[in-house]
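Visitor: Please find one structure pasted underneath; my questions will follow.
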Amino acid sequence: MTRIFSGVQPTGHLTLGNYLGAMRRWAEEDQYRADALFCVVDLHALTVDHDPARVRRLSRQAATLLLACGLDPERCTLFVQSQVDEHTRLSYLMECTATDGEMRRMIQYKEKAARERERGGSVRLSLLTYPALMAADVLAYGTDEVPVGEDQAQHVELARDLAMRFNQRYGQTFVVPRTTLPVVAARVMDLQEPTRKMGKSHARTAGVVYLLDEPDVVRKKIMRAVTDAGSDVVYDRAERPGVANLLDVLAACTGGDPRALAAGYDSYGALKKDTAEAVVERVRPVRERHAELAADPAYVDEVLRAGAERARRMARPRVDAAYRAVGLLA
Ligand code: AQP
C-alpha cells in the first residue's frame, strides 16, 4: 500500500492556504487511498523566534483542526513530531548526508532568513538545517508520496536527493519519495500582496484568511483583496495575480475551473462576493467541528498519544537500520 507522510508547522494559526493546498486533500482523498501519516511538526516551529506557550497552544490547535477537517484516527496516523524521537535521531544522519550548499539554496531559508534579519534578529542554525529534519520526517516512514503545496516541493526534492545519496553510499535503506501537488490552489496568495504566498506567520494579517476567522472577517478580508488594474475578469497569474488568486480560491472551493469561472464575471465586486461566500461555506463545517473538538481536549490528547505510539513503531526499525548502515553500534 502506498505510504503518505505530510505535516503542518505550528508557527501561526492555520490558513486557507494550508487548507486548500494540503489539509483538505489529506482528509478527503489521501487517508482513503493510502497508509497515511499526518504530523504537527512542532520542532520546525523552533527554527524562528517563538513563544513556548504559543507553540504549545498552536500545536494542539493544529491537531484539533486536522481532526476537524476530517482526518479519521481510525484511518490514518495523526501525531506530534516531538513525541517521536526517531525524527531527531534520523535528522542528524541527514545533516551528515547533505551539504551546506544544498541547504543555503533553499528558497524558504533565504526568505525566512531575510525576514529575521529585517526584524533585526539573528538567524538560527536550525533554520538552515530545517530541510534535513524534514527529510528525516519523510524518510523515517518509508514514504512514497508527500502531498504538499508548491512552497514545500523544493524540500521534498532535497529529501529525494538525500535518500538516493544515502542508499548509494550505505546500501538500500530509504524509499525515494515523490511530491504530489493539488490541481488547483497549490499556491494560495496573500490577498493584500498577491505575488506572495498566503502564510500563517505573516506579520500583516489583512491578506491572510485563517480557518478560525469569523465568517464576517473572512468576507471583509476577501472584499478588500487587492485586485489588478483594469476591470475585466481574466485568469492570468503573471499579469493579473490578484484576480487569478481569487479565481483559484473560488475554483478550489466550488470544484470549478478558474479559467471557465472567469468567463462568468464582468466585475471584480461580483467575483469577490462569490469567492467570499464560497470560502465561508467551505470552511463552515471545519469551524463547527473544531468548536466541538476543542471542548474535549482529552480526546485530542488521546488521539495524539496513540498516534505517536504507532508512528514510533513504524519508524524505529528503519532509523535503527540507517544507524547501523553508517557504522554506528545501534
Ligand atoms: N499559501 C499556500 N497555498 C497552498 N499551500 C500552502 N501551504 C502552506 N501555505 C500554502 C501548504 O500547507 C502545508 C503546511 O504548511 P507548513 O505548516 O509546513 O508551513 P509552510 O509551508 O511554511 O506554510 P505557511 O503557512 O506559510 O507557514 P509559515 O508562514 O510559518 O512559513 C504544506 O503542505 C504547505 O505546502
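Yeah, the Cβs are placed from backbone N, Cα and C, and that goes for glycine too.
According to TrEMBL, the protein carries these features:
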BINDING   Gln9, Pro10, Thr11, Gly17, Asn18, Gly149, Glu150, Asp151, Val188, Lys197, Met198, Gly199, Lys200, Ser201  ATP binding site
BINDING   Asp137  L-tryptophan binding site
MOTIF     10-18  motif ''HIGH' region'
MOTIF     197-201  motif ''KMSKS' region'
Visitor: When DSSP states are folded down to helix, strand and coil, where does Met198 (ATP binding site) land?
Guide: coil
Visitor: Residues sitting near the motif ''HIGH' region' (10-18): Cβ under 8 Å, six or more positions beyond its termini, same chain?
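Guide: Distant contacts of the motif ''HIGH' region' (10-18): 40-42, 44-45, 48, 50, 55, 58-59, 61-62, 65, 149, 185, 187-188, 197-202, 208-212, 249, 279, 283.
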Visitor: For the motif ''HIGH' region' (10-18), what are the DSSP-based totals of helix, strand and coil residues?
Guide: 3 helix, 1 strand, 5 coil
Visitor: Return the count of C-beta atoms lying within 10 angstroms of the C-beta of Asn18 (ATP binding site), excluding that atom itself.
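Guide: That number is 25.
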Visitor: Are there any residues in the same chain, six or more apart in sequence, whose C-beta is under 8 angstroms from the C-beta of Glu150 (ATP binding site), and if so which?
Guide: Gly21, Leu181, Ala186, Arg187, Lys197
Visitor: Just the number: how many Å between the Cα atoms of Met198 (ATP binding site) and Asp137 (L-tryptophan binding site)?
Guide: 24
Visitor: Using the alpha carbons only, what distance in Å do you get between Asn18 (ATP binding site) and the residue listed as 'L-tryptophan binding site' once rounded?
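Guide: Between the alpha carbons of Asn18 (ATP binding site) and the residue listed as 'L-tryptophan binding site' there are 18 Å.
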Visitor: Could you state the whole-number distance in Å separating the C-alpha atoms of Asp137 (L-tryptophan binding site) and Gln9 (ATP binding site)?
Guide: 12
Visitor: In the predicted model, what is the mean pLDDT computed over the motif ''KMSKS' region' (197-201)?
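Guide: Summarising the motif ''KMSKS' region' (197-201) by its mean pLDDT gives 93.
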Visitor: Restricting to the same chain and to sequence separations of six or more, state which residues have a Cβ under 8 Å from that of Thr11 (ATP binding site).
Guide: His44, Ala45, Val48, His50, Leu58, Lys200, Ser201
Visitor: Restricting to the chain of Val188 (ATP binding site) and a gap of 6 or more, list residues whose Cβ falls under 8 Å of its Cβ, or answer none.
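Guide: Once residues fewer than 6 apart are set aside, Val188 (ATP binding site) is near Thr15, Leu16, Gly17, Leu20, Gly21, Gly149, Lys197, Met198, Asn245, Asp248, Val249, Ala252.
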